[in-house]
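Visitor: Quick paste of what TrEMBL says about this protein:
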DOMAIN    61-228  domain 'Thioredoxin'
BINDING   C99, C103, H191  Cu cation binding site
DISULFID  C99-C103  disulfide bond
TRANSMEM  271-293  transmembrane segment
TRANSMEM  305-325  transmembrane segment
TRANSMEM  345-370  transmembrane segment
TRANSMEM  382-405  transmembrane segment
Amino acid sequence: MISPPKPESLVKAILFLVAFLGPCEALIGQESEETPAEIVIEPGTKIPLTYRDGKDGDYRVWNPEKVDDFTLVDQTGTPFTNEDLLGKPWIVNFVFTRCSYQCPLTCKTMMEFNKRISDIDCRIVTITVDPEHDDVDRMQIYSEIWGADPERWIFATGEPEVVWDLIRKGFKISAWENVGTDRVPGMEFAHDNNIIHVSADGEVLGRYDSVVADDMTTLKNVLEGEIETPEDHRPTAVEGDESVTIREYFEGDQAEPVNPLDKLPAWAKRLPGVIAMLNSLATVLLILGYIFIKSGYTSLHKKSMLFAFGVSVAFLACYLSYHFALHYYADSPGKPFEGTGTIRIVYFSILISHVILAALVPVLAIVTIIKGLRASWDSHRRWARVTFPIWLYVSVTGVIIYWMLYRL
């Protein structure tokens, strides 16, 4: 005999419905509050070289032109200026003598590269990023380690303001002083491994990564005059003297911004929110159906589950329509997940399990519903014990995936 329905069960169901559907308006009304979609670059678009002016600084377009006036001191204690370097091409890199790993590797590369270009009339300039510590004596000792001839290979230091102005405004390299827990012996500073090529007239021509063998070979070919500076190694011209962030570059007049969502019609832009709402509604209906059958409301259970199935069909139609629109209007597979670290692992773990189980739901749901409509109760119950948790998991994780992808 069926137990009489418990009023408190209905109260719980109604409260759950209100609590769960409350955020739906916010989900579907994403257009006004959503963070702007990321800029997606069309194939063939030039990606400019970038640098950062601090650990937490924005990536900026690398756009040096000519090296401004400066005065530094070489390893012999002799002052020199940018004018003293005119007349010959020169290449410059940055180190600091307390560095325990990166700088010795860079200097070893420069020493070997110097031998490879020994027949080329040029200069090498190695500038410290730690001028307060690296005085002339220390730079002389350091230069001797690498067998540097001061007439050809200069190890330079100078006034900190001059050096850092040259680093940040002249060559525009990524370099900063570490602080806090980042500052450990041998890692007092952080900087990139790049080598800057400057013409005999003082014009910055290109940038090459000293740890990439192909880059060093390309630089050798350029210095020998066999090839021009490849486009991928040149500074990027921007309006004005100041550099701009990479986002400003692609959002401004410097290049055409390409945002796949901008190509979608209005109805398609709203579909992610609609999809999330349908998943939320399906979740509520599944839980209500479970509560109804446990409370003895067989008719309400049947209606809830059939309604949940209809909502899931609508979800599938919207999902397929959205991805068709992405492909047709934007030629894009969808919005990539931008999180890193642990949250990225969590996201893809949920996504993979969601996709696999979602493929099973239509078959399981149809078979279970048919068994119920035919009053094959024993078989219906056996199928429902498998179908219900999978269906519920897919609906719940659908909302979670939407939140992580569009709201996190």
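A Cβ is built for glycine as well, from the same backbone N, Cα and C atoms used for every other residue.
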Visitor: Can at least 3 Cβ pairs under 8 A be found between the transmembrane segment (271-293) and the transmembrane segment (345-370), with each pair 6 or more apart in sequence?
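Guide: Per Cβ check, the transmembrane segment (271-293) does not touch the transmembrane segment (345-370).
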Visitor: Give me the non-local Cβ neighbours of H191 (Cu cation binding site): same chain, 6+ apart in sequence, Cβ-Cβ under 8 Å, ordered along the sequence.
Guide: F94, F96, Q102, V129, I173, S174, A175, W176
Visitor: Within the same chain, where does the transmembrane segment (345-370) have neighbours whose Cβ lies under 8 angstroms from its own Cβ atoms, ignoring anything closer than 6 residues to its ends? I mean 6 or more beyond.
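Guide: Contacts with the transmembrane segment (345-370): 305-306, 309, 312, 316, 337, 339, 380, 383-384, 386-387, 390-391, 393-394, 397-398, 400-401, 404-405.
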Visitor: Can you check what DSSP calls H191 (Cu cation binding site), collapsed to helix, strand or coil?
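Guide: Strand, per DSSP.
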Visitor: Would you mind listing, in sequence order, the residues at least six apart from C99 (Cu cation binding site) in the same chain with a Cβ closer than 8 Å to its Cβ?
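Guide: Sequence-distant Cβ neighbours: G186, M187, F189.
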Visitor: Once the DSSP letters are reduced so that anything not helix or strand counts as coil, what is C103 (Cu cation binding site)?
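Guide: Once the DSSP labels are grouped into three classes, C103 (Cu cation binding site) ends up as helix.
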Visitor: Just to confirm my parser: what is the rounded mean pLDDT across the domain 'Thioredoxin' (61-228)?
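Guide: Average per-residue pLDDT within the domain 'Thioredoxin' (61-228): 95.
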Visitor: Other residues near the Cu cation site, CB within 8 A of the CB centroid of C99, C103, H191?
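Guide: Sorted by sequence, the hits are F94, V95, F96, Q102, T106, V129, F189.
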